[in-house]
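Note sheet for the following structure.
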Amino acid sequence: GAYTRVWIPDPDEVWRSAEIIKDYKEGDKSLQLKLEDETLYEYPIDLPGSELPFLRNPDILVGQNDLTALSYLHEPAVLHNLKVRFLESNHIYTYCGIVLVAINPYEQLPIYEQDVIYAYSGQNMGDMDPHIFAVAEEAYKQMARDEKNQSIIVSGESGAGKTVSAKYAMRFFATVGGSASETNIEAKVLASSPIVEAIGNAKTTRNDNSSRFGKYIQIGFDKRYHIIGANMRTYLLEKSRVVFQAEDERNYHIFYQLCASSSLPEFKDLGLTCAEDFFYTSQGGDTSIDGVDDADDFEKTRHAFTLLGVKESHQTTIFRIIAAILHLGNLKIQGERDGEVCSVSSEDEHLSSFCSLLGVEHSQMQHWLCHCKLVTTAETYVKSMSLHQVVNARNALAKHIYAQLFNWIVQHINKALHTTVKQHSFIGVLDIYGFETFEVNSFEQFCINYANEKLQQQFNSHVFKLEQEEYMKEGIPWTLIDFYDNQPCIDLIEAKLGILDLLDEECKVPKGTDQNWAQKLYDRHAASLHFQKPRMSNTSFIVLHFADKVEYQSEGFLEKNRDTVYEEQINILKASKVKRMVADLFQEETDAVPASAVQKRTPRINVRSAKPAFKAANKEHRKTVGHQFRNSLQLLMETLNATTPHYVRCIKPNDEKLPFKFDPKRTVQQLRACGVLETIRISAAGFPSRWSYPDFFNRYRVLMNKRDLSKNDKKQICQTLLENLIKDPDKFQFGRTKIFFRAGQVAYLEKLRADKFRAATIMIQKTVRGWLQRARYQRLRRATLALQRYARGHLARRLFQHLRRTRAAIILQKQYRMLRMRRAFLRVRSATLTIQAFARGMFVRRIYHQMLLEHKATILQKYARGWLARARFRRAQAAAVVLQCHWRRLRARRQLQALRIEARSAQHLKKLNIGMENKVVQLQRKVDEQNKENKLLNEQLSMLTSAHSSEVEKLKKELQQYQQTQQGDGKQLLSLQEETERLRMELERAHGEREVLEDSHGKERDLLRKVYLSVCEFARNTVEENMQMKKELEEERSRYQNLVKEYASLEQRYDNLRNEMTIFKQTPGHRRNPSNQSSLESDSNNPSICTSEIGDTEDVIQQVEEIGMEKAAMDMTLFLKLQKRVRELELERKKLQAQLEKKEQETQADNEAEIPEIGGIVKGSCGKRQELESENKKLKNELNELRKAIADHATQNNSSNDVQDGYNLLLNQLKSANEELEVRKEEVLILRSQIMKAAQQKESGKNMVKERVMDFLFSFFPSVAGNSLADWGYLNEDGELGLAYQGLKQVARLLEAQLQDQRREHEEEMEALRNQMDLMQEELEKQQQAFLQTLQLSPEIQVEFGLQQEITRLTNENLVRGCAEKTEREQKVDLKELLEKLEKNEKKLKKQLKIYMKKVQDFEVERRPHERSMQVAVQRKEKDFQGMLEYYKEDEPLLIRNLITDLKPQAVSATVPCLPAYILYMCIRHADYINDDQKVHSLLTSTINGVKKVLKKHQDDFEMTSFWLANTCRLLHCLKQYSGEEGFMTQNTAKQNEHCLKNFDLTEYRQVLGHLSIQIYQQLINIAEGILQPMIVSAVLENESIQGLSSVKPVGYRKYCSKEGDSSYSLDEMIRQLNTFHSIMCDQGLDPEIIQQVFKQLFYMINAITLNNLLLRKDVCSWSTGMQLRFNISQLEEWLRGKNLQQSGAAQTLEPLIQAAQLLQLKKKTSEDAEAICSLCTSLSTQQIVKILNLYTPVNEFEERVTVAFIRNIQVNLKERNDPPQLLLDFKHMFPVLFPFNPSAITMDSIHLPASLNLDFLNKV
């Protein structure tokens, strides 16, 4: 269960939280507690002085903006609430009733910007988070509402932030109440701060910038509550700091600033060095402050002096006096005779510097520093002073000089801030020291605490008074509240024979001492309750102040109270040679009353200084410091009592100056001292908690029953509820509008409410849990039944499957058994058949084998028998053959012997010879044939031999010739070898050249690649640049429209001044025209100024004379300004022309200089440039390939003949290439001469474009015209080229094809880029036109606009002519002929026009008397109506009055929208038709002035403003649609084209109408914002659209005080107002695009104001508010969709607000939640997200707060974002408006004039 939580005292944390774990019963001696660290603790309550511990507030109340909203109001609750806000939410401001508690964060916070000031301006104090700006706004508002002076009292101890808080309050007044005049008084008020801080602030151990004096600054306001002046009073400057500083402290800043700047030349004569060298600035040790630059601060101080009007001479004297004080502190005083006699050396350089700086006598000052004069009744003595007396006298003199200087500076600040205007009211800001107590407390602490006693008494009485007024206003019975009254303590100090009286009395005693004074105090006040004597001291006394008891040391009281300065030293200073200031500081001391002396010198300054301003010569007649302080304090209290005070209490959270560190001990000490707890106590003594009846009803309706809720009287319901809940009637009271509760009752009600919620929660939980269990049971039952059903089905199916399988098994068994038996039978049968088959086969095979064996045996026998027979035959045959052989041999031998015998006979030989002769003849024939062949072969051989010999001879001769040649040409061989060596060297040089060329080629290739990449990059970035240009265009348009807005305000201001002048004007005959009318008349009456030659003044003077003397007085000055401006422009034009000529000469002289890129490329020269560029690339490639081929060939072939032949062949081919290059060079030169000639023929205004074109062309040409020819010539002379040219040509052809492809791609890219650049140029021209429109604000700027327009036109013509130069030359003759024909036709038509005009005028004269009688005829001729309306010049005022000035929008509501615009255009068209420029000018001027007059008269009328915005835009569209320009005529019909203007170009009037449209649009937005702004916060943020969603929390004093008289609006009311705006604009025919822009602007304002309010209010940063806010935004989005405004961008402007609502609704615990928040909230800055999380407040105790760790996690995730530093949105930001051209489909001849307009004098033409 939940235990009761209490606070118990703790020595370290002051108060500690605990829980009561055992119920307390009356009579118990102790409480059983459990601390936060889970330890048990027994708290005794039976000891003397022990009481029950304080109860702790519910968590829902912790972190409240106002401490009075806490149910339990006591010290621990206040301390805990401040600690939670300071450490967890980083909120340094908290309300405590009427007091703003400000805790110093020791860190710069972004909560003081200008937008925060605007956010708090005009807001109720209770609606916004606590802030110093809220207090300042409350004071400013009460001053204006109650017409009563106000005071803001800022107090706190040193280092708490008093000065900074006062500074921010003054900055708020300077911003909100800025002076209406040009004196810039608010800047002077803020500039006084650096001076005052320099001379009155110093570093102490507690604060680096501690104010060592009190000040009260009165800021004066006039009747319109603008700042007109200021005045400063100062109190009790700590003079002792000038001569003494404690450890780690410094003297006043000005000393260190001056020392840090001593090296400046103007301060050389001051004789200063660093601060460590001077005694008065080095006693505290360290002379510097971390993070502070004294030299920089000194510059700020000097600048502030200058801004406040302090002369340089006075500034110099001030710095001389300060330097003199430093030198005075460094005097070396020499003691003699044990220090009884002293002297100062005349050689002392510091004494010399002191005397020279102050202009006093050296010897006198040396003497009187060590001597004093004693005056008795009889005579005067001069006495030497002791060393101690001399040091004291020197220090007293230094303090006195500084105090006088301080007062003088304050007086001059007041002079600078003084005004002669009567002051209507003022707001005072009191920055005064808080209660102080130190280890040693002296006279200064006594005075400070005395002042705080007085202020605390005033504070108590004021709080008591406010409480009494509240009770009486609500009709609550007033019972006397006992509160601490410190009047006895004040009487102890200031009453008769009080401490100050006894001190003054002791000062008058000749030998009075501090001890005697202390003894008198003991004797006189021993019985006082607020006075005590310390036990261990006889020189100290204790005063019991309201905050604490303080022990004061009496030592030094008398001296400080007397503030003695020796008269002789003052007299020396009076006689100073520096008369202008040093002597004047001490001259007025002769008067006894210092204030009167001040008033004699400056009678118009009311300075009541609380300082001992001037020391009288007579000590007896001089008032003591205490007496003066008491008087100034009394004067201050009178001032404060006459004003409405506002209190700011500054708290110092720690002594270490660490950011966001909270020391409870120090904080409680200051809370007790500054009266915050006393406020709590006074409030808690009565009825501290207060609820309005509606808020109480909404909060505690859960405690009511249905019967009570059915009643309509909420007040009665609340009374019934409280009487039932709280039985003790003294615990609450019913007021008229509020219910008052005693302390703790709201916590009791919160407990009841929480119990009711808890019971309801338990009931809901019980019901939900029961429902969940029932649902779970039903779900289980359904699941069980389903399981059973499925299980039973499964079992049945399984049984069925079993039966089915059983039957199937039987069938299978039957079939299987049958199959098995059949298979067995078949197997047996098969086996039997197989056995039978095998058996039968075996028997058959056996029979077969037997038969086969028998058959084979028979065959064997057959063959065997045959072999045996053959063998026998062969043996017989062989034997027969042998026999035959032997026989035959025998016979042959016998025949051979017979033949031998026969051969030896002659007959036989003859037979043989017959055969031989035949053979010989045959052989002879063969021999003959062989001889013939041999002879033929011999002949052939001889021929071959002769040929061979001749060939040999020839070869021998050639050999001899060759040998002779080699022997005779040895020298030629050497020369050839030398030539070869030279060629080798040339080859090496060519190699080097080739490498150089390759490098250059590589560089050029890289350069071209870079150019190509840059072009590609340019193409890629074109879209981004286009978007950037659009953004810049938007910014330019915004700036331009701001200028228009400023112009409108200046015009309004001029009109106001003119009206005032007409009131005070006494000469009736003299009158001035309005500035707008005169400017418009001068615009159109002098059209030649913009179109003719500048300087033609005679026509202007003549026109001025024609206008009349009344306008001449005004227009002559205009004319003189114009003439002066024309001269300046002429000189500037000549100067530009000279610069252009010089630039052209430089460009011609240096073709290789870097040429910047230009925006456009001349098309006529672009083709030539590309052709030459491609040729250049081709030739370079050929050159490189040639050199490469030569090098390769040279290494492979060393034959000199080949080199020579290749060289000759290449020379011939290079000659042709050189000739081609010469032709190209001539073309380049011709092109350059043509461009130069064209540039010389153009005017000076065209030179710039031509020069940039020439520069662009020549940036490409020099490499072709110069470098390429030089390279070819060099190669021709080189003699090293080979035979590689033919191969190179083939390569070149291949490369040429690639180059053609690249050229084509390049041209396509260039064409695309040109198109993009043309589009960008058009955008740029539009931007220039938009910017030039601002130049229409005055006649001087009209001239400049005309010149710039002419220059732009000439530039465009120059570009066009440069692009089509050849075409222009070809067409020039035709154009001249055409121009002559047109001039002849023009002359002819003018003559005819004059004749017709004369006839028309005659006809008009005849027709005019019969106009009335011819009306019927006119009506019959309407079918020939040409869409023109004619009127007479004298009827123009009537036309303007009936159509503009007196016209009501309702009069034309049933007609065509924008009817007045159409009527005006038809009148303009007729004036154009008759060629009457004066009539056109007069009508347009009167129309514009009439519209301005109507808008000024109805400057708060939305309907009238919207009506004239629609008509002005329609008239502007008509002037564009019928201007004759092709761009505006694309949607016209043929009939509409007939209605175009014929004679006049009204472009300038279109610009004037554009300006007027912007002014009307801005006025429309301001009116709509003024109507919507009071509704926004209430309707969007506070209105409860979803009933019962939000829950009211307890509010504090600020909230329920500021709620009175507030008017609330619902979201439906705001949507109805938006519907009204939309219907009005739609009904009046305003362009849809403008309507969209209007609602985009209004929805941005809704978003900005709502989000800013959300960021500054803790009470609306909750989950329920996020839900409510999201619903309201969805309603607005639905409204946008219903009005078809989705495309307007209005919904996108609500994105930050949508994300803020989602942030309030999101879960905020884990790191995943942090990542989700970071990814979702992209439109919110890091500061805004962290601020919302810090402000997030649970509405009910069931919610959890956002932890500090989660916020740190968010900051870590978002640290990479580059968000703007501003916390709030600028709700005054206005989007630039666009008026897109919107042509009308209505033709002029179809418009009907209603009779209600009274335009009978208009005649249809």
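Yeah, the Cβs are placed from backbone N, Cα and C, and that goes for glycine too.
Just so you know, TrEMBL annotations are computer predictions that nobody has curated.
Copied from TrEMBL, the annotated features are:
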type     : residues                                       : note
BINDING  : G156, E157, S158, G159, A160, G161, K162, T163 : ATP binding site
COILED   : 1119-1234                                      : coiled coil
COILED   : 1285-1330                                      : coiled coil
COILED   : 1365-1406                                      : coiled coil
COMPBIAS : 1074-1091                                      : compositional bias 'Polar residues'
DOMAIN   : 1-53                                           : domain 'Myosin N-terminal SH3-like'
DOMAIN   : 62-754                                         : domain 'Myosin motor'
DOMAIN   : 1485-1760                                      : domain 'Dilute'
REGION   : 633-655                                        : region 'Actin-binding'
REGION   : 1064-1092                                      : region 'Disordered'
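Here the features listed in TrEMBL are painted onto the structure.
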{"residue": "G156", "record": "ATP binding site", "CB count, 10 Å": "27"}
{"residue": "E157", "record": "ATP binding site", "CB count, 10 Å": "23"}
{"residue": "S158", "record": "ATP binding site", "CB count, 10 Å": "20"}
{"residue": "G159", "record": "ATP binding site", "CB count, 10 Å": "20"}
{"residue": "A160", "record": "ATP binding site", "CB count, 10 Å": "25"}
{"residue": "G161", "record": "ATP binding site", "CB count, 10 Å": "24"}
{"residue": "K162", "record": "ATP binding site", "CB count, 10 Å": "27"}
{"residue": "T163", "record": "ATP binding site", "CB count, 10 Å": "23"}
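The ATP site is set by G156, E157, S158, G159, A160, G161, K162, T163; from the centre of their CB atoms, other residues of the chain with a CB within 8 Å are N104, N207, S210, S211, G434, C650, K652.
Across the coiled coil (1365-1406), the prediction's mean pLDDT works out to 64. Helix, strand and coil content of the domain 'Myosin N-terminal SH3-like' (1-53), in residues and according to DSSP, is 0 helix, 25 strand, 28 coil.
In terms of DSSP secondary structure, the region 'Actin-binding' (633-655) contains 9 helix, 8 strand, 6 coil.
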